[in-house]
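Written out below as structure tokens is the structure these notes cover.
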Amino acid sequence: MDDLVLARSLFGTTMGFHIIFATLGVGLPLMILVAELIYQKTKDDHYAIMAKRWTKAQAVLLGVAIPTGTIAGTQLALLWPGFMEVIGRVMSLPFQIEIYAFFVEALFMSIYVYAADRLSPAMRIVAVFFVLVGAAASAVLITNVHAFEGTPAGFKILNGKITDVDPWAAFFNPSFFITAGHVVLSAFMTGAFIVASVAAYKMIRTRKKERVYRFHRKALLLALTIGGIFSLLTALNGHESAQMLYEYQPEKLAGAEGLFETRSHAPLAIGGFTDPNEEKVKWAIEIPWALSFLAANRFDTVVKGLNAFPRDEWPPLFIHTLFNAMVGVGMLLILYSIIGVVWRKVLKKDRFPTWLLIIFMTAGPFSLIGIEFGWIFACTGRQPWVIYHLLKTSDVVTTTGSIGVLFLFFTFVYAVLGAAVVYVLLYYFRKHPVDEDLNTAES
């Protein structure tokens, strides 16, 4: 493999691993904050216990997110020196501000973990709130660099030189707010569904322990409710993202929908696989006129097809499958939430059948898969550009050798880290079962 493929594989693996912990690092604090708020309002000890236990998991995940994020930053400089030269001169603000966001998160996380029992109820909520603010701000700031890659602003390249630099224009690039909303909303969704998966699993294991079962049922319903809300909000934001693609990255939208010919009243292709030879999406379900309407809220909107662009600037055509998988996961998770809430609140069922709990157990893995598909779609769909229509990925890759060795090394490191996280979480929660916390709360 050439250096470009190896460099993209290495950095893609790093980001694919890091994004799991970064996403949960934003999503779990919201769950902790909501549990704290419910506890302070109702004085139901179950919610205080939820907040306490989820905080332990958050601490472990944060401990992995920090080094993997550092590795990702280092690899940016090592693998993409030409890209970082532009970022250093034009888009350094997010990295600088993110340092403060990280310190806010780390400071208040330490306060909440080590001094929660000595804080007043109001200060407990304040501490968790700033953990959430710091985590969300970090995610938004770093993801803003990705937004800048797709909708660059605040500089020009003339005769190979960077001129007319405006850091704030680069920071508030056209897709900043939409991208920021998408990353935060999807992180909240994922954090909730991970909790739902664990709660569903524990409900299956504790069917004969009524007190523990009720505790996990509350956690499940809370998680499904929050997950459902943010799944819906993520979907609405995704619609805005598609309209942004229509305006700023039309070939990416065409690739996502498998549209080859420019046309009005363009259909929306659901499912299927893009065939580059026949220039169509095979075995797809087409909804007439829907793509034109989704692109600009008019059925007669003209949507550019791939053939309107040079073939060497087409994104990989498999992004149609990634896009459909991402959307499909989101719709499935909304359905999960509706079923769970209806079963408990409308049908008034005290017990969930095992088959339904098994389905709910898949919510967390599906949400993470959706995050991964979305991230790969966002980055791969921008190719061959690293900065859209200004700088190609192949022009900024390092010429240093040994990338293959680094790829194998870091893959091994991530496997070890992943196994260590699973081991530590299982070890801690087996040593500290819910029964102990419930007994302490009742004594």
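Glycine residues also receive a Cβ, built from the backbone N, Cα and C atoms like all the rest.
Since this is a predicted model, take the numbers as computed values, not measurements.
Annotated transmembrane segment per Swiss-Prot: 19-39 (among others), in sequence order, evidence recorded as sequence analysis.
Only residues 6 or more beyond the boundaries of the transmembrane segment (60-80), in the same chain, are considered here, and those with a CB under 8 A from a CB of the stretch are 7, 10-11, 14-15, 17-18, 21-22, 24-25, 28, 87, 95, 105-106, 109, 142, 386, 396-398, 400, 403, 410, 414, 417, 421, 424-425, 428. Taken from Swiss-Prot, the feature transmembrane segment covers 60-80 (among others).
Look at Swiss-Prot and you will find 93-113 (among others) tagged as transmembrane segment, backed by sequence analysis.
Beyond the ends of the transmembrane segment (125-145), by six or more residues, the same chain brings 22-23, 25-26, 29-30, 32-33, 36-37, 40, 51, 58, 69, 87, 91, 94-95, 97-98, 101-109, 111-112, 116, 119, 171, 173, 176, 179-180, 183-184, 187 to within a C-beta distance below 8 angstroms of the stretch. Annotation source Swiss-Prot lists transmembrane segment at 125-145 (among others), citing sequence analysis.
Beyond the transmembrane segment (176-196), the same-chain residues lying 6 or more positions past its ends with a Cβ under 8 Å from any Cβ of the stretch are 22-24, 26-31, 54, 136, 139-140, 143-144, 146-148, 219-220, 222-224, 226-227, 230-231, 233-234, 237-238, 240-241, 244, 333, 336, 340, 360, 363-364, 366-368, 370-371, 374. Summarising the annotation, Swiss-Prot assigns transmembrane segment to 176-196 (among others) and lists sequence analysis as the type of evidence.
Annotation for His182 (heme b binding site): spatial neighbours Thr234, Asn237, Gly238, Ser241, criterion Cβ-Cβ under 8 Å with sequence separation of six or more. As annotated by Swiss-Prot, heme b binding site applies to His182.
What Swiss-Prot records for 219-239 (among others) is transmembrane segment, and it gives sequence analysis as the kind of evidence. Counting only same-chain residues 6+ beyond the ends of the transmembrane segment (219-239), those with a CB under 8 A from a CB of the stretch are 30-31, 34-35, 38, 50, 178, 181-182, 185-186, 188-189, 192-193, 195-196, 198-200, 203, 294, 327, 330-331, 333-334, 336-338, 340-341, 344-345, 352, 360, 363, 367.
Panel annotation: around the transmembrane segment (322-342), residues 189, 193, 196, 220-221, 224-225, 227-229, 231-232, 234-235, 238, 256-257, 270-271, 352, 356, 359-360, 363, 366-367, 369-370, 373-374, 376-377, 380-381 of the same chain, lying at least six beyond its termini, place a Cβ under 8 Å from a Cβ of the stretch. Feature annotation from Swiss-Prot assigns transmembrane segment to 322-342 (among others).
Summarising the annotation, Swiss-Prot assigns transmembrane segment to 357-377 (among others) and lists sequence analysis as the type of evidence.
Positions annotated as transmembrane segment by Swiss-Prot, on the basis of sequence analysis: 405-425 (among others).
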Dominant neighbour of the transmembrane segment (19-39) in 93-113, 357-377, 405-425, by Cβ pairs under 8 Å
357-377
Can you work out which residues elsewhere in the same chain, 6+ from the ends of the transmembrane segment (405-425), have a Cβ less than 8 Å from its Cβ atoms?
6, 9-10, 13-14, 17, 57, 60-61, 64, 67-68, 71
